[in-house]
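Straight from TrEMBL, the features:
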- 18-429: domain 'Cation/H+ exchanger transmembrane' (DOMAIN)
- 12-30: transmembrane segment (TRANSMEM)
- 39-57: transmembrane segment (TRANSMEM)
- 63-86: transmembrane segment (TRANSMEM)
- 98-116: transmembrane segment (TRANSMEM)
- 205-227: transmembrane segment (TRANSMEM)
- 248-273: transmembrane segment (TRANSMEM)
- 293-313: transmembrane segment (TRANSMEM)
- 334-352: transmembrane segment (TRANSMEM)
- 372-392: transmembrane segment (TRANSMEM)
- 404-424: transmembrane segment (TRANSMEM)
Amino acid sequence: MALGDEDASVDSITLFVALLCTCIVIGHLLQKNRWFNESITAIVIGLCTGTFILFTSEGKSSHILVFDEQIFFMYLLPPIIFNAGFQVKKKKFFRNFATINLFGAIGTLISFVIITAGSMKLFKILDVGFLDVGDYLAIGAIFSATDSVCTLQVLNQDETPLLYSLVFGEGVVNDATSIVLFNAIQKFDLSNINSSIFLEFFGNFIYLFLTSTLLGVAVGLFTAYVIKKLYIGRHSTDREIALMILMAYLSYTMAELFSLSSILTVFFCGIVMSHYTWHNVTESSRTTTKHTFATLSFISEVLIFLYVGMDALDIEKWKFVSKSPGTSAGVSSILLGLVLVGRAASIFPLSFISNVIQQSQSDKITFKQQAIIWWAGLMRGSVSIALAYNQFTRAGHTQLRGNAIMITSTITVVLFSTVVFGLLTKPLIRLLLPRKHLSNIMSSESSLSKSMDLPLLANGHSADTERGGGSVDSIPRPTSLRMLLATPARTVHYYWRKFDDRFMRPVFGGRGFVPPAPGSPTEPLLR
C-alpha cells in the first residue's frame, strides 16, 4: 500500500472499494453485451480512473495503491485457484486429464521454448538493454502464462462440456506450469547452461509437480477426515465453514513454506475438498461455502484487472521508455507475435496427437474447437503481470531502462490481448459454434453420458440398482490390455470409483455420508 498518513490510506481504500462496486454493477448491466465481459469492464474503468488520478495529481501518479507481487501471490491468487478446483466438474476434468496435461504442461513448455528463443534472437536487434540468460528464460515463463477468463465467461459448461473442460483445465495447469518454471529459473545459476544443469532443472520441475499435488491432496483429505470424525456442524456451522476456508489457505501457505508450487497444491486441495469435505458438512454450510469461495474468487479477479488498468498509466515506468518509444513498441509487437506463434505451435500439433490417441469420436477435438482453444490461450493476465513485477522491479519500482521496457511491454501485451482479443471472443465463438452446432454437441454429450452411466456406476450404484431393479452383472469388463486402452476413460473411472467406494469414502466421507447426529442433513448417493 502506498506510504502516507492514515487518512490518505483510508481515502485510497475507500475509492478502490467504490471502484470495485462500480465494476460489479456495470458488469451486470453489460452481462448480455456481445463485446464486453467482466475483465474488459474492470480494465476500462481502471484506465479511466488512472487517467483522472494522473490529471488531478499533476502527472505524478496514476494509481492509489502500489502493486506488490507478494500481496498478489499470497492474498489474491489463492481464492481464484482454489475456487477453480472446488467448482470443477471432476468427471469431465479427469476424463480429459491426459489432453489437459498435454496442453497445459507440454504445450506450455513448447511456448516457453519458442518465446525464450525468439526474444533472445530479436531483442538484440532492438538494443533493449542488458538482459541476461535468466531474464530471457523468465520472459519465456512470463508470457507462457495464459489467461482464459474471457473465454470461460463466454463458454457454457453445459452447452460445450468438452471444450469448457479443456480450456478451463488447461488454464489452471498452464498457470501452475508457468509459475513452477519461473520459480525453477530463480533457483539455478544459468550463466553456464550444460546437460547436468538441464537435467537438474527438469528433475526439479517434476519434483515440484508431484510433491505439490500430493500436499494438496493430503491437506484436503485431512480436513475431510477431521470434519467427518468430529462433525463440527452439529454445534456450530460457523466453525466448520471457518475450518474449510482456513485449511484451504493453509495448503497454499504450506506449499510456499516448503518452496513448492502453491497453485497446484491449492487447486488439488479444492478438488479433494469438493469431493469429500463438502459432503461432510451441514446443508447450510454447503451452500455458504460454495458461494463464499466463488465470491472471493470473483472479487480477486476484478480487483486485479482494475489495478492493471490503473497501473498501465504509471508515469514512473513510461519515463524510462519515453526517449525510445519505438523500442518499447517493437518489444511489445515481438512478444505478441511470439505469443501467437508459440500458442499455434503447441495447440494444433498436440490436438492432432490427442485425436490420434482418443478412440471415441465425441472426445476428438474438431478444428473449430482447436481454433477456440488456441484463441483462449492468446490472452495474458494477472499471472504474467505478477511474474513480470517479480522479475523486473523492486518493491513495485523500476530504475533500469531494460527492466522498465519489459514492464511496460508486459502491461501493453496484457492490455492489448485482454481488450482486443477479449472483445472478439464472443463473436468468434458464435461464428465457430453457432446455436445449432451447440445443440448437436449437447445431445451427443448427453447420449455419451447415458452410455457411460452403467460402467461408471457399476459397483452397485446405478440408478436402477439403487431402486432395486436391474443388474449390472451383464456389463462387459475389459478382458485385455487392448480393450483397456480402447476405452481408458470408462475403465479408469470405473476402477477409481470402485476403489473410492471401498476404501476412501468409509474413512473420509463424501457423497452419501450420513452424519451421526440425529436430524443432521443427509443426501442421496447420487445427485
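Cβ from N, Cα, C; glycine included.
Note: the stretches the transmembrane segment (39-57) and the transmembrane segment (98-116) are not in contact (fewer than 3 CB pairs below 8 A, sequence gap of 6 or more). Ranked by number of Cβ pairs under 8 Å to the transmembrane segment (372-392), the listed stretches 205-227, 248-273, 334-352 are led by 334-352. Sequence-distant neighbours of the transmembrane segment (293-313) (same chain, 6+ residues past either end, Cβ-Cβ under 8 Å): 16, 19-20, 23-24, 27, 38-39, 42-51, 53-54, 62-65, 67, 72, 75-77, 79-80, 82-84, 86-87, 149, 245, 248, 270, 381-382, 385, 411-412, 414-415, 418. Ranked by number of Cβ pairs under 8 Å to the transmembrane segment (404-424), the listed stretches 205-227, 248-273, 334-352 are led by 334-352.
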